[in-house]
Every structure is written in structure tokens, then in C-alpha cells.
Amino acid sequence: LLLRWRRRRALWRKVAEAQERQELSLVRMEAAARRFREQHPSVNVVSVLSLPLPELSRKLRDGSLPLDHVFYAYVGKALQIATETNCITEFLQESETQLRRAKLMEKQGLLYGVPVSIKDSIDCQGHDSTLGFIKNLNKPAAEDSVVVQVLKRQGAIPFVKTNVPQSLISYDCKNLIFGQTRNPLLFTRTPGGSSGGEGALVGGGGSILGIGTDVGGSLRFPAAFCGICAIKPTGKRLSKRGVKAGVVGQKAVAAAVGPLAKDVESLALCLRALLSEDMFSLDSTVPPLPFNEEVYSSTKPLRIGYYETDFFTMPSPAMRRAVRETKQLLEEAGHTLVPFELTNVDYVMFNYCVRGMFSDGGSSFIRKFKGELEKGGSGLLFQLAKAPQWLKTLLSWMAKPFVPRLSSIIRSMKENTVDEVWSLHHEIEDFCHQFIAQWKKLNLDVMLCPMLGPALGIGYPAKLSVAVSYTMLYNALDFPAGVVPVTLVTDEDEEQLKGYKGYYQDWWDRALAKAFRGSVGMPVAVQCVALPWQEELCLRFMKEVETL
């Protein structure tokens, strides 16, 4: 007991030190922003912050806007949003040195002088990538991840790292070290996760461009909940070298690195910069596919599949309305909309997604929590992964008549043999080919889909792990998928929510109805999807939706 007490005390000391460093980061940001204001009192910070990224980057490159005006404007704004939402874990002090060097650069990349925020799990040399785990504190990365190296070669200035949920396997944003991040639009709401710090910072205007990751909606939830745009590319379109994963080694559900920004044009500029020779030479496993301008700038009418529900997670009234209104606007603009029938999403969720990510019965996931002070961020998944196999079998059998979805989740978390894992991977490949065949039979270019929203209350994602069906489908398929905010929750939506029952009428459906409530004025997005490797077409469709 004494040894255990001493060990826990040492862990709490590490947490306290990390929190002090976080506080010191904000003090340094405040000092830097104040020093700049005193030296340049005439700079109109509001006008700098109001510039969209394409215009800002043009002005930085042609010299009409000084680099330090932009950098310190965003340092000041980021500090304000961090104070309100608790989204920043660390100020990258070397960014000021990089700023001074950038002024002397002859070659100016596409993101020359642009301050960029980076998710905690993406390595930046000399800084921790904690994933919300105490054991990862004081283990600074030996080198920048490839995506950060490319950003720097393109002239961007990574200036802060942002908060994540413990383990990343959550769409909330809370861990014991840095605490809960709040939604900048409504502090009682989650910003989404696991790129929740990015969503809050970009959504609040404290960063013009953020880089995050997505293994089940981790870019798309924060973007949708915070009223901004994001794209999850095909898994291998951007390098994942130097990017820490929540569940290491699993191949069933594809993870991806991608950008978050206020608008689609900013996402396109970011991908233009990243899909360069720099990325292809630094990571030869990334296919050398530069950004296809012709596809992105095309104006030919699109043939668009759409659906209003996946028949697994009942959409909120605002979600359904968002798809319907977007469909109507697209039709009026001359595009063809074709109904797409989704089937067996429950099977995909349980047998491909849950079973795929936890094929070892969750043992590798559980190991990550060993020696940690808190283990509750992932809610039900952690508790189930921890249970012995005989108990999982018993619980699954007992739950089946009363809560069939719980029974299916428990059954999906059993330990698989190698043969079973190979069969599963083969089955997922078959499913992907069948989905593409259905897509091509309808001669579709892209797909319009619902996106979970509005933002749920803080704490609800841990109770609602099943509500990731709209996003996780496209990780299992490994299709590029982006989100665009299209509407706000109305009083009428709120009134209709009173009749929300859900498809299963279990505790998850009841909890989801509660989580949606009280959201008038909050943003709701739609999801735009394309076939693998067609990020430019996905962005083109997103741009069309955004414009309309």
C-alpha cells in the first residue's frame, strides 16, 4: 500500500508539473502578444484575423502584410480562446525563432508565414505527444512528424499543440492532465473529439489552420460541433509517420491525417501545400499524387447520391433538415440527386468497426491505461475490454433480449484468432467492393450524407459510443469524407426533438435525445463523401455545398 501510495503521488506530481507548463505556455503567449501590441499599437488585429486563409497567404507572400503582424495577432486570439475553452496544451516557443528565420527565407512556400495549430498526438520535435496519458509526459519527440516537416518547408509556423481525450478513442475532449476542453460556441457543449482542441481553437478563431487525425470521426466531429470545415482524406493520402495512434497496428478501420479550417478553400490550399514533393520524398509510402487542380476547379454538374438516415442512429430533426435543404439547393443549381440505400450499418458497426479495432479482445487498448490514475475517458469500451472472455459471453447472452446493441458490442469485443482476423479483413475488402459497385451502378460522382449534430453536452460522448455510425462507416471503407456547416438549430427543430425515439428505443437512444436538447442556434453540418483517392472531388463538392 505504501509503494502504491508513493507511486500515485509521483504520478500526481507529473500531472501538476504538466499543468504548470501549460499555464506557463499561456503566460508566455500573453507576454509575447502584449510586447507586440506595445511595439506596434497601430496594427489592426481585427482586420488581420478577418482575412480568409487564401487571401492572408497571398498578402504574406507578396509582402503587403508583415509576418509578425499575422503571427502575434493569432497568438493573442489563441490565448483568448484557450482561456475560454482550455484547448491549448503547449505554446511552441521555437515558433518565434522560426518566425524570425522565415523573414530571411528566399523560397516562399504556399503557407509562408501562416501560423498553424497541431493536435497533441502529432509529433513536434522537443515536445510531448501525450494522448492524455501520464506515462507519455516528459518524453519529447526526437523529430517532427512528416506532416509538420512538410508544413515548415512550405513556410508554415506551427505555434501551439492542442488538447485531446485520453487514448483518442472518444469524441469528447477530456483527460486528467489538461482537463476538459469546451465548445467555443457554447461552453456547456463538447467541442467533439478526438481533435477537440483543434475544433475549439479553429472554431473560436484562434487558429486559421489546424492539423488533426481521424479514426472514427475525430476530425469531422470537432468541425461539425464547432461550425467549421474539415476533410478526412483516404488513409494513405497524407503521411502518418510520427503520428501517434489510439489503437496501434489495427488495419480494419483506416486512420487519416487531415486539416480543419473555417472554409473549404483553406482546406484545399492546405492539401495543395502538403501534397508536394517534400511529402513524397520524406515518406515513400505516400503515393506521389499531387493536388489535381483540374478536378477541384471543374464546374460540370455532379451526380450526387444521398441518404437522410443510416437506420442505426436516428438523425436529429436538424440533421434531417440539413440534408433535405442541401439536396434541394443542389438540385436547383443543376446537379442530379439520387437516393442511395444504406443497409446493414449495424453489422458494419459491430463486426467491422468495433471487432476490427478490438480484434485482440481489447488487450492492447487496456495496456495503454496500465499505471494511469484515470481510466474512464472511453466509457463503456474500456470497461468491456477489461472484462474476461467468460464474462463478456455471459453479459452478451444476458443483454440480448433487452439491449440488443449492447449484446452485439460485447460479442464484437471477443479475442480473435489470426485466422479470424484475416477473414475479417477479407470480409471488409468485400464490403468495400460491394459498396463501390452500388455507387457505380448509380453512376455517382459523390455522396451527400448526414453528420451527427448539433454538439452534444459535455460528458455525453462517453455514454454514446454507438453514435459514431455516420462517420465511422467511411473509416471502415477508407473513403475521403469532409464536413461543411449548412444550418443552425431552430426552435422548430427543438420542438420536433420532443418526439425523438430512436430506432432501438434503448438507453442510448434516450441519452442521445437528451444530449441534443437545448441547442437552438448551434451549427449543424452535412458530410460530403467521394471514392478513395478523390480528395479533390470531395473538396469540389464541399465547396459547392458551402457556396449554395
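Yeah, the Cβs are placed from backbone N, Cα and C, and that goes for glycine too.
Listed in TrEMBL for this protein:
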- 73-539: domain 'Amidase' (DOMAIN)
- K119: active site, charge relay system (ACT_SITE)
- L168, S194, V215, G216, G217, S218: substrate binding site (BINDING)
- S194: active site, charge relay system (ACT_SITE)
- S218: active site, acyl-ester intermediate (ACT_SITE)
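Each of I169, S170, Y171, G193, S195, T213, D214, L219, F221, G246, A255 belongs to the same chain as L168, S194, V215, G216, G217, S218, is absent from that list, and has a C-beta within 8 angstroms of the C-beta centroid marking the substrate site.
Neighbour counts of Cβ atoms within 10 Å were taken for the binding-site residues G216, G217; the minimum is at G216. The binding-site residues near K119 (active site, charge relay system), taking a 10 angstroms Cα-Cα threshold over the set L168, S194, V215, G216, are S194. Of the listed binding-site residues, namely L168, V215, the sparsest Cβ surroundings within 10 Å are found at V215. Less than 8 angstroms from the CB of S194 (substrate binding site) sit K119, S121, V164, P165, L168, I169, S170, Y171, C173, G212, T213, V215, S218, G246, each of them six or more residues away in the same chain. Here the Cβ of K119 (active site, charge relay system) has 28 other Cβ atoms within 10 Å, regardless of which shown protein chain they belong to. Neighbours of S218 (substrate binding site), defined as other CB atoms within 10 A of its CB across all chains, total 34.
When pLDDT is averaged over the domain 'Amidase' (73-539), the result is 96.
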